Amino acid sequence: MAPNLRKSHPILKMINNSLIDLPAPSNISAWWNFGSLLGICLLTQIITGLLLATHYTADTTLAFSSVAHTCRNVQYGWLIRNLHANGASFFFICIYLHIGRGFYYGSYLFKETWNTGVILLLTLMATAFVGYVLPWGQMSFWGATVITNLFSAFPYIGQTIVEWAWGGFSVDNPTLTRFFALHFLLPFMIAGLTLIHFTFLHESGSNNPLGIVSDCDKIPFHPYFSVKDILGFMLMLLPLTALALFSPNLLGDPENFTPANPLVTPPHIKPEWYFLFAYAILRSIPNKLGGVLALAASVLILFLAPLLHVSKQRTMAFRPLSQLLFWTLVANLLILTWVGSQPVEHPFIIIGQLASITYFLTILFLFPLTSALENKLLNF
């Protein structure tokens, strides 16, 4: 009998073991769909990004008009740009839900998978930041100025780092050129890191909503989860297309329709919505270096998740107190996101400071304490 090519061919065998005959827990819910959705987001962003790059000019005198030209004169250029800009928002929605799922169900106990995931998040944030600068509108320019300037808070070496990053003494043509180079490179780095993330995941197999070993009850990935994933693709691509077609500028900043002008500062400098929670934490500390450290800590704190796990149970499925705390943390992040979009004045300053304290307090102290209490309650 001839060998099955799918199982014997060196490359097809790898694909088969990852996407077809992969043993998957039978009880994973729709919360496990976001990994594949992130893959589709990445693919969409790379394709639309490549098409945009063919019409873009990375020069301060031409960048803004080249983007306008793409939207006005290129066949479906407006659609490609709108899909790319809003695709970034969907990318972040999916990654935040994916991280939330991992946090709720204790997936962070697969340490290597979790750590590569956090590195992926950081790379995605860097990609989105440099990408936002490329249209060279007012918010692009001032966003780049404000965020790169944060590095000057580091003692002794700070100013040198900033000027090195800028390629001069202010955000100018060299900055735009290198940001375009980085924005082109980073998505491919993300794709490479995704394969590493994938490799680590397939070493241990997927977690499941019960957080128990499911080796005795696994089903093949195809057709069960491949079909479920395709449903997920439809449910994500439909709102993305609707947003790109009906309200493409809903999540953007009107300030970015004005070409960059170093002599006019916008009244409210703020990043895209997906960075607002971190921006709120940055702003809530009156000291520059302190703010920068808090900003970094707000994301890097995810690396500590496996170390802060003290519960005897893996997931929060049967831990009502931790569940309450988890949803409080979600609400807290939504408050931070809202505060980040507001001007720096009373009462937003104090709300931001309280929400920032609560954010760190919840993750670093309240979760471990609650878990310890729940462990005690198990004995009754």
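Note: Cβ is positioned from N, Cα and C throughout, glycine not excepted.
Feature annotation from Swiss-Prot assigns transmembrane segment to 34-54 (among others).
The transmembrane segment annotation in Swiss-Prot covers 78-99 (among others) and is backed by similarity to another entry.
Residues or ranges marked as heme b b562 binding site by Swiss-Prot on the basis of similarity to another entry: HIS84, HIS183. Other C-beta atoms found within 10 angstroms of the C-beta of HIS84 (heme b b562 binding site) number 20, with every protein chain shown included.
Under the heading heme b b566 binding site, Swiss-Prot lists HIS98, HIS197. Around HIS98 (heme b b566 binding site), the same-chain residues at least 6 positions away in sequence with a Cβ under 8 Å from its Cβ are PHE34, GLY35, LEU38, GLY117. A helical conformation is recorded for HIS98 (heme b b566 binding site) in the three-state DSSP classification.
Feature annotation from Swiss-Prot assigns transmembrane segment to 114-134 (among others); the stated evidence is similarity to another entry. For the transmembrane segment (114-134), same-chain residues at least 6 beyond its ends with a Cβ under 8 Å from one of its own Cβ atoms are 56, 58, 63, 67, 88, 91-92, 95, 98-99, 102, 107-108, 140-141, 143-144, 147, 175-176, 179-180, 182-183, 186-187, 189-190, 193-194, 196-197, 200, 271-272, 274-275, 299-300, 302-303, 305-306.
The feature transmembrane segment is assigned by Swiss-Prot to 179-199 (among others). For the transmembrane segment (179-199), the list of distant contacts is 18, 38-39, 42, 45-46, 49, 53, 56, 58, 113, 116-117, 119-120, 123-124, 126-127, 130-131, 133-134, 144: same-chain residues at least six beyond its ends, Cβ to Cβ under 8 Å.
Within its own chain, HIS202 (ubiquinone binding site) has ASN17, SER18, LEU22 as residues 6 or more apart in sequence whose C-beta sits under 8 angstroms from its own. Feature annotation from Swiss-Prot assigns ubiquinone binding site to HIS202.
If you look up Swiss-Prot, you'll see 227-247 (among others) marked as transmembrane segment. Here the transmembrane segment (227-247) has Cβ contacts under 8 Å with residues 30, 33, 36-37, 40-41, 44, 79, 82-83, 86-87, 89-90, 94 of the same chain, all six or more residues outside its ends.
The transmembrane segment annotation in Swiss-Prot covers 289-309 (among others) and is backed by similarity to another entry.
Residues or ranges marked as transmembrane segment by Swiss-Prot on the basis of similarity to another entry: 321-341 (among others). The list of residues near the transmembrane segment (321-341) in space but at least 6 beyond its ends in sequence, with Cβ under 8 angstroms from a Cβ of it, reads 100, 103-104, 270-271, 273, 275-281, 283, 311, 348, 351-352, 355-356, 358-359, 362-363, 366-367, 370-371, 373-374.
The transmembrane segment annotation in Swiss-Prot covers 348-368 (among others) and is backed by similarity to another entry.
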Cβ contacts under 8 Å made by the transmembrane segment (78-99) with residues that lie 6+ beyond its boundaries: 31, 34-35, 37-38, 41-42, 44-45, 48-49, 51-52, 67, 70-72, 117, 120-121, 124, 128, 131, 236, 239-241, 243-245, 248, 251-252, 272-274, 302
Nearest-integer angstrom distance between the alpha carbons (Cα) of HIS84 (heme b b562 binding site) and HIS197 (heme b b566 binding site): 24
Secondary structure at HIS197 (heme b b566 binding site), reduced by DSSP to three states: helix
Set of same-chain residues at least 6 away whose C-beta sits under 8 angstroms from HIS197 (heme b b566 binding site): THR113, THR116, GLY117, LEU120
